[in-house]
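TrEMBL has this to say about the protein:
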BINDING   A:40, A:54, A:85  Mg(2+) 4 binding site
BINDING   A:40, A:85, A:238  Mg(2+) 3 binding site
BINDING   A:55, A:56, A:135  Mg(2+) 1 binding site
BINDING   A:56, A:85  Mg(2+) 2 binding site
BINDING   A:63, A:277, A:320  substrate binding site
BINDING   A:134, A:135, A:160, A:240  ATP binding site
BINDING   A:241  Mg(2+) 5 binding site
DOMAIN    A:38-150  domain 'PurM-like N-terminal'
């Protein structure tokens with residue numbers, strides 16, 4: 001590549017310093033910054049003397065494929081999924097740190113676009129949240145690890161363990177859409193050998209924009225996390241592994257049963273129950289409390305254990321495990 | 001592998017839940033924990049209303065080789081290098097979150113040993129600091145990302161930008177030992193094809209235990225970070241890319257020159273100046289202030305710019321850049 005085309009330079013050609021100089025101006029600023037990027041560490045404000053922390057890593061192959069996700073999409077999704085975990089504690093997301101390992105052949109412009117996705121994801125979902133630090137490494141496997149922080153604003157964190165018999169259980173965000181999108185990608189956006197294919201992807205995206213975008217560029221209802229805490233939610237978690245499995249986690253942690261009403265789970269009850277990566281919020285609220293924001297009732301907390309659907313035990317495992325069903329990388 | 005030998009189970013055979021159940025009890029607890037692992041996010045205490053944050057990723061190939069680093073060593077080093085960045089702000093390390101991506105063929109026992117290294121590294125270097133959360137993914141390339149947190153205990157953070165003409169510059173920790181160890185590994189612990197070799201490694205380790213251990217299992221002087229802040233350090237940073245390059249960063253950020261005394265840099269001045277991964281602390285102190293802990297004077301802050309050695313400008317670049325000189329993975 002010619003040095004005159006700055007956007008074509010790869011990580012292997014540019015120094016780490018040059019690369020960071022191109023990326024950092026594109027990143028969103030955090031309202032909580034006391035000391036920002038550029039020193040050994042950042043310093044952030046924790047006005048109520050506490051902070052919320054969560055981390056998540058996405059790996060090319062099992063977690064995303066370049067044939068389906070543009071760098072912008074990856075940046076957006078890496079932000080969104082971590083913001084959702086912060087919101088699920090009832091906290092307002094304040095900041096991210098981002099560590100990336102990328103092949104030396106990666107164009108610096110890919111990282112610029114990834115930074116744009118981080119910026120736009122934060123701006124759309126959690127205004128005021130920004131990137132306060134990071135790390136850049138070389139790897140044969142493109143990997144991004146985001147750690148996200150949040151401010152409880154003086155409230156108690158909303159844990160998985162507080163659901164009480166008689167509570168209403170509710171969700172905010174779409175159920176099953178991201179999983180439907182993923183199924184479409186694996187069935188229709190692959191070539192004859194089953195490998196992700198960009199041309200077929202474009203057709204699938206055009207035909208099913210809502211579900212494919214729910215998978216690749218999710219919009220978790222971040223603001224509903226703090227709203228739920230303010231409304232007295234007794235338990236809450238991020239829906240990442242499928243409603244049935246995640247509801248079971250709340251049931252186990254709280255020592256209760258959760259009975260879901262299949263009539264409130266949409267047209268495709270099976271995928272609403274078992275589809276992963278919804279990144280909506282699942283919460284329990286005291287009976288009679290108004291449901292805030294985008295929350296809608298889908299069931300009740302009952303005596304007993306586990307998850308029921310229409311009063312019958314639901315034992316299908318659902319959800320997904322990153323080590324099961326993974327058979328190599330591609331795309 | 002037989003299911004009866006729990007230690008032989010790989011990540012691909014065990015579920016994520018089983019794996020985490022085996023790892024978590026081995027991890028160190030944090031004194032700052034308000035809500036620990038197991039929910040969407042952890043909640044940590046920030047008694048003075050601020051917290052320090054840094055992140056660093058290590059990738060198999062460029063950053064470590066299994067032929068040379070046991071999983072225990074990797075856990076230790078991943079903790080140590082991040083703790084050092086926290087200490088370099090003048091903060092006391094409080095907690096870590098750890099994201100790991102590993103091949104499905106990785107024995108779960110490797111992750112148990114890695115957890116032991118994290119635990120022992122924290123216990124030895126920063127007692128009270130513990131792991132409050134994490135993530136586990138599958139990848140063809142073993143990758144670990146650590147994000148570390150610290151408490152400034154009411155003090156101002158010590159930045160790179162505060163060095164003033166007349167200050168004494170000092171270091172705590174060994175200079176050049178880790179780089180000497182790395183040179184030995186690449187020259188003597190490789191086979192005829194230049195690939196890392198375990199048998200040769202054992203001989204190199206036996207012959208040069210101090211430098212090889214400085215490279216693989218560093219012991220940064222973490223407690224000296226807060227001590228330097230208490231003693232009035234005007235600038236400080238973690239020595240990660242070589243003394244000359246890191247001193248230049250302080251000089252640039254502070255708008256001063258830094259004159260190092262070659263008589264105070266040990267027997268091998270060249271490697272003291274240019275060797276990376278020391279993970280000691282470099283700091284400037286007001287003239288006449290006592291140097292705390294393990295700090296020893298190595299030079300002075302002077303008018304002008306850049307780094308001088310014995311009064312002469314030192315222009316050798318030194319240090320290392322992860323994207324330069326990397327030619328694939330192995331070992």
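Every residue gets a Cβ built from N, Cα and C, even glycine.
Location within the structure of each feature annotated in TrEMBL.
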{"residue": "A:40", "record": "Mg(2+) 4 binding site", "Cβ neighbours (10 Å)": "26"}
{"residue": "A:54", "record": "Mg(2+) 4 binding site", "Cβ neighbours (10 Å)": "29"}
{"residue": "A:55", "record": "Mg(2+) 1 binding site", "Cβ neighbours (10 Å)": "26"}
{"residue": "A:56", "record": "Mg(2+) 1 binding site", "Cβ neighbours (10 Å)": "23"}
{"residue": "A:134", "record": "ATP binding site", "Cβ neighbours (10 Å)": "26"}
{"residue": "A:135", "record": "Mg(2+) 1 binding site", "Cβ neighbours (10 Å)": "22"}
{"residue": "A:160", "record": "ATP binding site", "Cβ neighbours (10 Å)": "21"}
{"residue": "A:238", "record": "Mg(2+) 3 binding site", "Cβ neighbours (10 Å)": "27"}
{"residue": "A:241", "record": "Mg(2+) 5 binding site", "Cβ neighbours (10 Å)": "22"}
{"residue": "A:277", "record": "substrate binding site", "Cβ neighbours (10 Å)": "23"}
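Neighbour density for residue A:240 (ATP binding site): within 10 A of its CB lie 22 other CB atoms from the protein chains shown. Remark: of the binding-site residues A:63, A:85, the most isolated position is A:63 (fewest other Cβ atoms within 10 Å of its Cβ).
Here residue A:56 (Mg(2+) 1 binding site) is positioned 11 angstrom away from residue A:63 (substrate binding site), judged by their C-alpha atoms. With a threshold of 8 Å between Cβ atoms, the binding-site residues A:40, A:54, A:63, A:160, A:241, A:277 that neighbour chain B are A:40, A:54, A:63, A:160. Candidates A:55, A:56, A:85, A:135 (binding-site residues) were compared with residue A:238 (Mg(2+) 3 binding site); those inside 10 Å Cα-Cα are A:85.
Between the alpha carbons (Cα) of residue A:160 (ATP binding site) and residue A:40 (Mg(2+) 4 binding site) lies a span of roughly 35 Å. Taking CA atoms as the reference points, residue A:277 (substrate binding site) and residue A:134 (ATP binding site) are 25 Å apart. You'll find the Cα of residue A:54 (Mg(2+) 4 binding site) roughly 17 Å from the Cα of residue A:135 (Mg(2+) 1 binding site). When the binding-site residues A:40, A:85, A:134, A:240, A:241 are ranked by how far their Cα is from the Cα of residue A:55 (Mg(2+) 1 binding site), A:85 comes first. The closest partner of residue A:240 (ATP binding site) among the binding-site residues, by CA position, is A:85; the full candidate set was A:40, A:56, A:85, A:135. Annotated pair residue A:241 (Mg(2+) 5 binding site) and residue A:85 (Mg(2+) 4 binding site), C-alpha to C-alpha distance, rounded: 13 Å.
Comparing residue A:85 (Mg(2+) 4 binding site) with residue A:56 (Mg(2+) 1 binding site), their Cα atoms are 9 Å apart once rounded. The two recorded residues residue A:135 (Mg(2+) 1 binding site) and residue A:40 (Mg(2+) 4 binding site) have their Cα atoms spaced 11 Å from each other. Mapped onto three states, the DSSP output places residue A:55 (Mg(2+) 1 binding site) in strand. Distance from the CA of residue A:134 (ATP binding site) to the CA of residue A:40 (Mg(2+) 4 binding site) is 10 Å.
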